[in-house]
Ligand SMILES: Cc1ncc(COP(=O)(O)O)c(C=O)c1O
């Protein structure tokens, strides 16, 4: 994390709520991924943080992009990426995604049997497999469970590969992404092993895409070992699609204490809430908190945002010294699915984002004004 002085400086210059990223942390995350996964091809999952400056940073480091919407493909095109550096993923792609994907020459991830007939002619394609396992993460983040809408069943794989080839597409191989924020490496071991069992039916393949989903603190080397092993079973090149692991630790959300309220519970009211960071409300996510104030009297507090929603809590039951209006609170591990999932609900303009790089602040997204939010309304 950036120093307290730098964070105070950012708050003073740019105001709060504010997303603050550290380029050195981004690079450190990339190094960790490269050290663990060796020569694997890395596609950054754009959904985790689509800010153009961060994407430029990733593209400059040689990463490709994993895109899950037309808009994300547009970002990739805007930045000049094309061909093998882009993956088009998603369970219900629009015609616009197929058309732009064809123009850019992307690799499509086929998510259901019928999609074979929707692909542009002579597409490069991977088949997404749902191993239907128990995944140790929040239900909304488990994409590799039997109840999830993603992928085809392992039994359907030979059929889909055959259909792709018969339709004149290039069936490169298999794809698996079992979910997000997964800390237990065993989940990945089980998923990759389930796919490796298909080798006798598929024969050798060109690509094994092991997806992303690695939680902060997960055993990356263990996951990488298993992914490399599975790719080896197919004699395939290994691809990976990390999002969170690369950007979450590189970003914090800075928020200012607006006041306190004591009702039997202690509420620390801050100027950021569910509209800036929805993960605590949506997934029960616990982000590390660092108060930039001191004090000896530590009590248990709920950190609440300004939205008129009783669920607008950023944290519950956290020990904090007595907060006062104007104090700064740092919400950690917010670089992934933070700004990306921020909304304009309640006509709340989205916060600014800044990047600390080479000893300088770079404003990478200016704060929105409420007046901008009704520009498209008639
Ligand atoms: C297909 C796909 N690949 C990769 C990712 C990245 O996941 P994470 O940010 O957990 O690494 C996601 C996000 O869930 C995804 O849907």
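Quick reminder: no glycine exception, Cβ is built from N, Cα and C everywhere.
Heads up, TrEMBL stuff is auto-annotated, nobody curated it.
Fair warning: this is a prediction, and the values are worked out from it, not measured in the lab.
According to TrEMBL, 213, 241, 242, 243, 244 bind pyridoxal 5'-phosphate; the candidate from 98, 337, 345 that the record adds to this site is 337.
Within 10 Å of the C-beta of residue 242 (pyridoxal 5'-phosphate binding site) there are 26 other C-beta atoms, taking all protein chains into account. Whole-number maximum of the Cα to Cα distances across the substrate-binding residues 244, 279, 283, 309, 337: 27 angstrom.
Spread of the pyridoxal 5'-phosphate binding residues is 15 Å (greatest Cα-Cα distance among 213, 241, 242, 243, 244, 337).
Cα of residue 47 (N6-(pyridoxal phosphate)lysine) to Cα of residue 337 (pyridoxal 5'-phosphate binding site): a span of 7 Å.
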